[in-house]
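Chemist: Pasting the relevant annotations from TrEMBL:
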| type | residues | note |
| --- | --- | --- |
| BINDING | A:Cys57, A:Cys60, A:His61 | heme c 1 binding site |
| BINDING | A:Cys204, A:Cys207, A:His208 | heme c 2 binding site |
| BINDING | A:Cys341, A:Cys344, A:His345 | heme c 3 binding site |
| DOMAIN | A:43-147 | domain 'Cytochrome c' |
| DOMAIN | A:189-298 | domain 'Cytochrome c' |
| DOMAIN | A:328-415 | domain 'Cytochrome c' |
Amino acid sequence: MKRFLLTIVVLLLVGTGVYLYLNRSDSSDGTAPAMAGAPPAADVIARGEYLAKAADCAACHTVPGSDQVFAGGVPFRLPFGTIYSSNITADAATGIGGWSDDDFVRALHDGIGKHGEHLYPAFPYNSYTLLSRSDVLAIKAYLFSLPKVSEPNRPNELSFPYNQRWAIGFWNAAFFKSQRFQPDATQSAQWNSGKYLATALGHCAECHTPRNFAFALDHRQEFAGEVLQGWRAYNITADPAHGIGSWSDSDIASYLSTGHADGHGSAAGPMAEAVENSLRFLQPVDTSALVAYLRSVPARAGLDPIAVDTKPAPALASSDYAPAGDAQANAQGLKLFEGACASCHQWNGKGQQTPYASLLGARGVNDVRGNNVTQILLHGSGQRSEGASVFMPDFGNAYSNTEIAALSNYVIGHFGNKQGMVTPDDVAERRKQL
Amino acid sequence: MLSLSVNGQSYPVDVPDDMPLLWVLRDVIGLTGTKFGCGMAQCGACTVHLDGQAVRSCVLPVEAIGNRAITTIEAVGNTPSGQKIQQAWLEVDVVQCGYCQSGQIMAAAALLARTPQPTDQDIDAAMAGNLCRCATYVRIRAAIKQAATGKAEILQTIGSTPEGAVS
Amino acid sequence: MSTGTFSPKPEQAVDLQRRQILKSSGLAIAFLWLGGTGAASAMISARRQPGDTAAAMADGNPPFAPNAFIRVDSEGPVRLVMPSVEMGQGIYTGCCMLLAEELGVGLDQIKLEHSPPSDELYGIPALGGQITGGSTSTRSTWSVLREAGAVARSMLVSAAAVQWHVDPSTCTVDRGVVHHAPSGRSASFNQLAATAGRLPMPDKVQLTDPKDFKLIGKPIRRVDAADKVKGATQFGIDVRVPGMKVATVMACPTFNGKLASIDDKATRRVPGVVDVLRLDNAVAVVGEHFWAAKKGMEALVIDWNRGENANLTTRQLQDAIADSARNGKGIVARDDGARPQGTLVQSEYQSPMLAHATMEPMNCTVHVTHDRCEIWTGTQVPMRAAQEAAKITGLPAEKVVLHNQYLGGGFGRRLETDWVEQAVALAKQVPYPLKVVWTREEDIRQDHMRPMYHDVISAVVDANGRPAWFGYRTSGGSVLARFAPGAMGKDGLDDDAVECVVELPYDIPKARVEWIRHDMPPGIIVGWWRGVGPTHNLFVVESFLDELAHRANKDPLEFRRSLLQKNARALGVLNLAAEKIGWGAHPLPPRVGRGIALGEPFGSHVCVVVETEVTAQGEVRLRKVVAAIDVGIAVNTSSIEAQVQGGVLFGLSAALYSELTIKHGAVEQGNFNDYRVLRINEAPVVEVHRVVNAEPPGGLGEVGTAIAAPALANAIFAATGVRLYQLPVDRKLLVQNPEALKSVASASAREGSEVA
Ligand code: FES
Ligand code: FES
C-alpha cells in the first residue's frame, strides 16, 4: 500500500515535471529577419501597423463590416462549440488597456492571458510564438495608438470538457512549443523573411496544414490543405499536381496580393478576407519573399488531393455565351447556372466584367466534394482590393439544398470536368457551418 | 480622362476608374435607355453590348472596357439582329411596363447575332439572366422565334369561345 | 386537415337570392367611401374655361379641348390625356382604344400624355380619387371615355356641318377626318378644331354600336411599345433636370428605428460626393452621380437607434397572428346563422409577407424652391403624392407641380407615397434639384409589404362530402385602415380582407366569415400587393376546396362542377379550362400533377389549371398552365392574354419562392439573389382562353395573380400527395424519401422528356 502510494506520488511528481517542462516558456527575445515593408524598429507604431496587417489581427478581432475595429466578438464555430474573439483595443475595462508589455508578450509567445489563464489555440500563439519580442511590442504599440472601444467580451459557448481552460495546458504540453524564429543560415535572406512572414506572422499553417485528432497541426502534412469552418484551405505545397508547384512566381504573387491569378481562379471566403485585410498590404518585395519561401515547402499530396484540370473539355467546348457538350447533363444545375451565374462567369469560365469571375483552373470547381463551391454559393464572398470591390452574392437564402447541390455539381462537371459528389444532405450540413 | 466609344460616338468621360459603365451611361453621358435593376448582375436590366457581346454594365468598371465598342438600346436598332428583334418585339407585343425590356432586347439581339436560329435551349441560356417582373416571358420566347424565322408566331393563344358554346 | 363531428342543430333555410350582388369588387369596394358617382360626368364635361390661362399653359392651349381627355391642335396628332397611369397593365392602350373608337381616329394618329394631378378631372369613379389600382380602370372608365370620345366627335362633326351648311347626320368620320360624301368635302380634325372649340357641348351623344367597333374587342398592339423597345420611354428614374444631383438613401433597417448619429468623414472624401443629408430615420448621400452617392453611402458610418423592434423575428409575428386567427375576436363579415349538422372539417393556412420588387426601384426627383415644389416620379396616386408634398413643404397645393412618368412596374407599391415624401423632405434641405434613387436592397427592405395572414377555414360536409356550411376566420393587418380609414366598413370591417370569400362562386348554402384584425408592430407598414385580398383568400379557399374534394373521393374538377350548377359564368370558365388542358384525358406520369383553381376576383371569372412535376428531391418544375377567363366584353384581347400570362406567372413566382423574413427587426432579404423571382427558363407556357360574352367588363390586371397559387398548390398535391398549408412552397416537404437527399443532385430521369 505504501509502495503504491509512493508510486502515485512519484508519478505525479514526474508528471508535473514533464508537464512543466513541456509547458516551459522560451524567454528569449528573438530577432526578426528584415522585411522591406516594415519600417525599422525606431518608428514603432508604423512597424506595428505593418506587422499587425501581416499577422491579420483584424480578421479575427474585427467583426466584418463593423466599425468597431479590434473590438472582438467574431465567432469561430469549431466542432466542439463557438469561441468569440476578444477585444484587443486599449480600452482598460473591456480591452487590453491594462496589459503590461510582459502580459502581452506572454499571450503571444505562450498563449497565456493576463490572469494566467490559458488562451484557446484558435488564437494562433502556435505561430506568434515565433515573433521577436520587439515585433510583439511594436504590434502592441500600434494597437494602443488606436481608438479604445468599450465592448465587453462575449463568453465562449463550449461544451464540457472543452470549456475547461486548464486542460489546454495538457494540449500545449503535447502540441505546443514556445520558441522564437530561428533564421536558417543556409538559406537566403529573402527566404528567411518569407518564412517569418508565412509562419510567425501570416500563420498560413493555421488554415493550410491538416490537423490531427486533437485539433493540433500535423506538421508532417504541412501546408497540404485542410477544411476549416466549412471552407477548404488548399494545398499550398510545391506539389505540381495538387499544390501550387505548377504556378508561376507571378501567379502566386498576384493571388496573394490581389486575390486572383489568371488561370487559377480567385480567392474566396477566409482567403479573400486574408487578402483584403492582410496580404494585399505587403510590399511587393515581401510578397516575393513569401513566394520564395512557399516554393520551398516540400511537395505533399495531402488528403483528398485535388487535381486541377486546366483544360476542362465541357468549358472549352463552350463559348462566351452558350454551353456546349454537356448541355443535357445535370439539367437542373445548368438551368440555375444560366439564370444566376452565366452572365458573370460565362459558359467558357473566362469571366465577364471582371477577371475575378473566371472559374477556369480554380481549385474550387475541381474539388469533387465541392466544399468551397457550396460555401460560396450559400454565403457569397466579397473582397475589396485596390479600391474596387468584387463580390459574389449569396444564394443560400432562396435556393434549396437540392438546388445548391445540383448547381455545385454542374459547375464541377462543367469547369472541372469531374463528376461532382455533392448531395443535398451535404449542403444541409454545410449550411450549419460558418 | 477615359474615352468611351458609345453607339459609334466617342465620349471623353472624367469618372472614377471603378465606376460601372451603367452609371457613366445614365448619369454622365445621359443615355438612360439602359436600366438599373439590381446592381449585382442578377437581373439583366443593364445589359449593353461590348463588341457585340451582351454584358452587365452595372458590374463593369469603365476602366475594363478599353477601346471596345459599346452599343446600347438606343442604337441596337442599327444592327441587323437588333432591328429584327425590335420589330418582332413590336409585332408580338411583348412589353408591359417595359422597364426590363431594354435589357431583354439587348440580350436577345446578341443571341440572334451569333445564333440565327436559336433553339428553346439557346433562348434559355441567353435570356435566363434577364428578369421580367411583369413576366412577359411567354411572349419574349415567341418574339425571338419570330425574329429568327420571320414566320409569324401566333400573337394570341387566346381562343375565344362564344357565349354558351362551352359545355 | 383535422376533422371532427359537429353536434346537430336544426337546419335553417338560406335564401341565396337575398344577398345583394356586389356591383364592384376588389379594391373598388374599399374606395367607395368617396362615392364619386358625379365624377364621371365632371370628367366628360371638364372643358377648359375661357380665360383659365394656367390650364391653357398646362395643356398646350389647344383650340379644341372638349374635356379632360382630348386635345385637338390645329396641326399634329390628337393628344389624349390618360386618366390612369401606365405600369405595364396596358391601360394606356385600353384608354386610347375607348377614346379613339368613339372619336374616330387611328391609334397611329394620337399622342399620349400623362394626366396632371387632379382628383376632380381624373378621379376613378369607383375609387373616388386619382388612383390606379384594384383592377378598376377599365371597369370605371369604360363608358366615361367612350362618351368623352363621342362628345368630341360630335362637336367636330358639328363644326364641319356648320362650315359646310349640311346636316351633321350626313357626315361621317374616318381616321381623324370628317367627310361629307354627297358633296365630296372633307376636313381634318386639325382644321376643324378652332370651330369645334367654340361650339357648345351636345346634350346627348350616340355611342358606337358594338357590332361596328373597329378597335374594341380586337387584339390591338400597345401604343407605348414603340418607345419602350427603343429605350426611349422616360421612366421616373430616367428624369434629368438641369443642375440635378443624385442621392441614394438608407433608412433604418429596423422597423421604426431612428438615426442616432453618423460619421461622414470618409464619405465626404469620396470623389463626387456632394452632401450628406439626414432625416429622422434615414440618411442620404448626395453625389454628382448615383455611383458617387452609393460609394459615399458605403463609406458612411451610421449608428442606428434600433428601437423597440430590435429583436423582432418572423416567428414572433407568425405566432401572434396564428393566435389571433384561432382565438381572437372577429368582425363578422357574413353570418347565416347556426351551423348545420354534419362533419366538421378544418384546416389552417399561412401566407407570408411579400415584397413588390418592381423592376424599377423606387425613385423620385424633386426641386424645392421658396415658392414652388416640382416633382417628377412614377406614381399610381399623383394627387395624393402632390398633397403629401404640399404638407411637407408647407406650400399651397397649387404650388406643387407633379409630372407623372411611366412606371417600371407598380403592383401596388406605387400606391404608396413614402418614397416621394422622403425625397421631398430631403430636397427641401438643398437648393438644387435632387433625384433620390433607392438601391434594390433599400427597395426590398423598405417595402410596404403584402401583409402576412393566418386563416382557419372549415366546412360542414354531408355524408357525400358536399359542403353545407363554410366557415372562415382570417387574420391579418389591414392595409385599408391606414390607406383610407374612411373606407372601412361596418363594425370596422376591412372588406378587402374578406374579398372573394364572403361570396363564393359555389353553391354552399350557409357561411360564417370573420376577420380578426391583427395589426403589425409599429413600423411594419403593410401595403397593397397585386391581387390584394383575393390573392391570399383564394389560395386558402381553393386549396381547402381541393381538400374537400379529395376527402369526398371526388375528382377536383367534378367536385367543383357539382357545386357550380347555379353559376353559369363560373361553370363556363371551369369547363373551358378543363377542356383546353384535356383534364383526365390521359394518365399523367408519376409525380406529375394538375391542379385546378377557380375564382371571381375583381368582377371577372377565372379558372386556372397548372400542371407541374415534382422531382424525387422535391424540386417543382412547372410544365404548363391553362387559364380560362370571362372578363365580359373585351377591350383588347391581346392585353387580356398578356395580363393573364403575366399575372399568373407573377403569382406562381411568389408562390414558389417569395417571402420576406425578419430578423433583428429588419427584413433579411435585399436583392434578387435572396428575394427570388421566376426566370424565363422556369416559366411554362401559359395558354389563355376566353369565354366570350357582352357582359360589362371585369377587372384584369390582378386576376391571374390572384388565382395562381392555389392552382399550383393543388397540382403539387396531385403530384405528391402533400398538402401545402403555407406559402411559399417548402420544397423540403416534397422530398419523396430521405434517401433521395443522400444521392448526388442532378437531373431527374425524365428531365426534358415530353410526356405523351
Ligand atoms: S442592374 Fe445590372 S444586372 Fe441588374
Ligand atoms: S416588362 Fe415590366 S419588368 Fe419586364
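In case you wondered, yes, glycine gets a Cβ from its N, Cα and C as well.
Map these features onto the structure and tell me what's around them.
Modeler: Annotation note: A:His61 (heme c 1 binding site) sits in a helical segment as assigned by DSSP.
Look at A:His208 (heme c 2 binding site): DSSP puts it in a helix. Take the CB of A:His208 (heme c 2 binding site) and look out to 10 A: across all protein chains shown you find 27 other CB atoms.
Spatially close to A:Cys344 (heme c 3 binding site) yet at least six residues away along the chain are A:Gly351, A:Gln352, A:Gln353, A:Thr354, A:Ala357, judged by Cβ distances under 8 angstroms.
Model confidence over the domain 'Cytochrome c' (A:43-147) stands at 91, taken as the mean pLDDT rounded to a whole number.
Residue counts for the domain 'Cytochrome c' (A:189-298) by DSSP state, with H, G and I taken as helix and E and B as strand, are 54 helix, 12 strand, 44 coil.
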Chemist: Whole-number Å only: compute the distance from the Cα of A:Cys57 (heme c 1 binding site) to the Cα of A:His208 (heme c 2 binding site).
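Modeler: Computed Cα spacing between A:Cys57 (heme c 1 binding site) and A:His208 (heme c 2 binding site) is 18 Å.
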Chemist: Name, in order along the sequence, the binding-site residues among A:Cys57, A:Cys60, A:Cys207, A:Cys344, A:His345 with a Cβ closer than 8 Å to any chain B Cβ.
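Modeler: Out of A:Cys57, A:Cys60, A:Cys207, A:Cys344, A:His345, A:Cys344 lie under 8 Å of chain B.
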Chemist: If you take the centroid of the Cβ atoms of A:Cys204, A:Cys207, A:His208, the listed heme c 2 site, which other residues of that chain have their Cβ within 8 Å of it?
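Modeler: Going along the sequence, the neighbours appear as A:His203, A:Ala205, A:Glu206, A:Thr209, A:Phe223, A:Glu226, A:Ala233, A:Ile236.
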Chemist: Name the residue among the binding-site residues A:His61, A:His345 whose Cβ has the smallest number of other Cβ atoms within 10 Å.
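Modeler: Checked A:His61, A:His345; of these binding-site residues, fewest Cβ neighbours within 10 Å: A:His61.
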Chemist: Other than A:Cys57, A:Cys60, A:His61 themselves, what residues in this chain have Cβ atoms within 8 Å of the centroid of the heme c 1 site's Cβ atoms?
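Modeler: Not counting the recorded site residues, we get A:Asp56, A:Ala58, A:Ala59, A:Thr62, A:Phe70, A:Gly72, A:Val74, A:Ser85, A:Ile88.
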Chemist: Provide the number of Cβ atoms within 10 Å of the Cβ of A:Cys207 (heme c 2 binding site), excluding the reference atom itself.
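Modeler: I get 22 for this one.
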Chemist: Reported in the order helix, strand, coil, what are the DSSP residue counts of the domain 'Cytochrome c' (A:328-415)?
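Modeler: Counting residues by DSSP class gives 45 helix, 10 strand, 33 coil.
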Chemist: From the binding-site residues A:Cys60, A:His61, A:Cys341, A:His345, pick the residue whose C-alpha lies nearest to the C-alpha of A:His208 (heme c 2 binding site).
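Modeler: So, spelling it out, the nearest of the binding-site residues is A:Cys60.
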Chemist: Within 10 Å of the Cβ of A:Cys341 (heme c 3 binding site), how many other Cβ atoms are there?
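Modeler: Around A:Cys341 (heme c 3 binding site), other Cβ atoms within 10 Å: 24.
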Chemist: Starting from the Cβ of A:Cys204 (heme c 2 binding site), draw a 10 Å sphere and report how many other Cβ atoms land inside it.
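Modeler: Its Cβ has 22 other Cβ atoms within 10 Å.
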Chemist: How far is it from A:Cys60 (heme c 1 binding site) to A:Cys207 (heme c 2 binding site), counting Cα to Cα, in Å?
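Modeler: About 13 Å separates the two Cα atoms.
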